[in-house]
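Peer 1: Per TrEMBL, the features are:
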DOMAIN    6-80  domain 'RRM'
REGION    190-213  region 'Disordered'
COMPBIAS  195-212  compositional bias 'Polar residues'
DOMAIN    257-331  domain 'RRM'
DOMAIN    367-441  domain 'RRM'
Amino acid sequence: MAEPSKVIHIRNVGHEIAESDLLQLLQPFGMVSKIVMLRAKNQALLQMEDIHASVAALQYYSSVQPSVRGRNVYMQFSSHQELTTDQSSHGRNSDQESEPNRILLVTIHHMIYPITVEVLHQVFKAYGFVEKIVTFQKSAGFQALIQYHSRQEAVEAFGSLHGRNIYDGCCQLDIQYSNLSELQVHYNNDRSRDFTNPSLPTEQRPRTSQQGYPDPAGLYAFQQPGGCALEMGRAAMIAAAFGGSLPHGVTGTNERCTLIVSNLNTDKIDEDKLFNLFSLYGNIVRIKILRNKPDHALVEMADGLQAELAVHYLKGAILFGKKLEVNYSKYPNITPAPDAHDYLNSSLNRFNSNVVKNYRHCCAPTKMIHISALPQEITEEAILNHVSEHGSVINTKLFEVNGKRQALVMFETEEEATEALVSKHASTLEGNTIRISFSQMQSI
């Protein structure tokens with residue numbers, strides 16, 4: 001082991017990892033005075049304020065594997081005893097950084113969702129008057145130049161936004177000061193904008209990937225400057241997951257989380273079956289079947305937008321021979337009680353992981369169900385035996401994705417497929433807890 005040093009050497013630092021992520025690992029042990037990010041080598045050097053802090057950090061992480069954004073990183077003492085000022089990318093007197101300037105160079109790492117001029121303007125305007133934005137694609141990834149009216153506004157934005165995410169968990173902002181003095185903008189379109197000259201031509205070209213992208217003013221709910229995190233509103237994330245715009249008729253502004261579901265088949269329905277259906281559109285908090293009206297149930301979802309998706313897709317759906325009525329309840333939530341089934345911490349809530357994929361697969365009930373988490377040795381016959389009691393199966397297909405067995409089963413009607421889903425999602429098949437959702441495919 002290297003001789004103890006105030007400087008800690010960290011390896012396997014991917015491009016998605018920001019300075020702020022590394023600070024979170026080490027700040028519990030003491031103040032971090034300097035940072036050098038060695039992007040080309042996927043490494044970083046962090047200098048603690050004193051050697052006791054670095055020793056404490058490495059002692060702790062010798063028994064606990066440090067991980068950032070799902071990636072394991074590895075720490076050791078550096079051969080450097082000190083980081084010089086011109087090495088540091090974090091120290092206030094860094095000579096390596098460009099001088100503060102009113103123009104910022106922004107690189108977006110881990111860009112899962114589309115980033116437009118409108119999105120960037122919504123993010124950066126919280127810190128001052130944004131005069132111009134130019135976006136472009138380089139080998140480093142998607143980049144933008146943001147010009148503020150004053151240098152002080154740019155400095156404030158840099159200090160507040162560097163290392164933050166636009167969307168929760170992705171689209172990370174890596175900010176530097178540009179050495180340009182003025183941006184030249186010739187067109188106002190989705191790639192560049194001069195907010196001081198709205199009369200510039202658009203030079204519009206068809207760009208299908210951005211058509212229908214929602215008005216950010218109505219969808220993005222940013223925390224004010226100084227907040228603990230920067231996250232886009234959930235509606236914006238869902239809009240991106242749906243390919244640029246929310247489903248027609250979904251506003252993204254509903255705040256009511258609890259739904260009243262009526263006209264249920266009292267002989268066949270229960271809370272778990274309702275969970276299996278409504279969890280297609282969001283996480284479920286609680287479900288309560290009303291004892292004085294057993295064909296009515298309350299369903300509390302995690303947020304208003306998920307509740308709106310459920311109303312949008314399930315109103316009028318047929319379940320066990322009955323046409324569902326789905327509306328917003330006058331109750332803001334369901335009070336915990338013995339007759340209210342609690343799903344808040346259920347591992348079966350679909351939106352605990354793969355959030356974007358789950359939103360992308362939201363749809364009204366179809367004739368086709370998709371079954372995943374199947375045993376590796378499963379046969380089509382075993383799948384048929386498991387679900388065919390719910391209706392006439394037209395076709396099946398067993399296939400593999402990334403080494404995992406999955407299946408498509410097509411029923412004669414949407415009602416039959418819905419019954420199979422609510423009855424058999426999260427059931428056990430040959431030792432595996434299977435997952436079922438609707439498929440938007442038209443045929444197998």
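Glycine too: its Cβ is placed from the backbone N, Cα and C atoms.
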Peer 1: Please determine whether the domain 'RRM' (257-331) and the domain 'RRM' (6-80) are in contact (criterion: at least three Cβ-Cβ distances under 8 Å, sequence separation 6 or more).
Peer 2: no
Peer 1: Count the residues of the domain 'RRM' (367-441) that DSSP assigns to helix (H, G, I), to strand (E, B) and to coil, and report the three numbers in that order.
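Peer 2: Once the DSSP states are binned, the domain 'RRM' (367-441) shows 22 helix, 30 strand, 23 coil.
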Peer 1: Which numbers of helix, strand and coil residues does DSSP report for the domain 'RRM' (6-80)?
Peer 2: 25 helix, 26 strand, 24 coil
